[in-house]
């Protein structure tokens with residue numbers, strides 16, 4: 001059984017995926033550009049800059065994510081998880097306003113409000129463009145997701161509890 005969780009930067013995707021995996025006793029698969037940045041010893045901004053002109057970064061992240069996900073039951077958390085993990089037992093998409101996402105990124109990483117807002121908006125636009133170009137995926141169309149949750153005003157534990165209730169309601173065992 002695989003559970004796929006997606007959402008834009010700052011929606012709670014990484015945190016919710018990790019908590020969900022922990023609560024269900026499943027491995028977490030969350031291999032992202034941040035992992036590549038750490039592995040290469042460069043900043044996330046530099047990886048994003050390189051990804052603008054080099055499809056290798058997206059393809060490497062997505063191939064690694066899928067390879068890890070196919071090994072066993074797991075929670076997969078990534079921007080494209082609900083699109084790429086086609087056999088997921090549950091596909092969850094997390095939402096939050098740009099203002100809320102910026103607030104969360106600031107809490108997590110610090111910085112200037114205007115810089116973070118500009119960076120987040122730019123990243124959203126670039127992600128959308130790359131996903132359309134590489135995979136013909138419109139990441140603003142998540143209508144096929146089994147569960148769409150607005151995480152604004154919700155703590156992560158509440159979001160995880162809602163997802164677990166959905167699993168139970170569907171009779172999905174873990």
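The backbone N, Cα and C atoms fix where each Cβ goes, and this holds for glycine too.
Residues or ranges marked as ATP binding site by Swiss-Prot: 7, 8, 9, 10, 11, 12, 13, 14, 15. The C-beta environment of residue 11 (ATP binding site), restricted to residues of the same chain at least 6 apart in sequence and closer than 8 Å, consists of 94, 95, 96, 101, 151.
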Conformational class of residue 13 (ATP binding site) under the three-state DSSP mapping: helix
Most Cβ neighbours inside 10 Å, all chains, among the binding-site residues 13, 15: 13
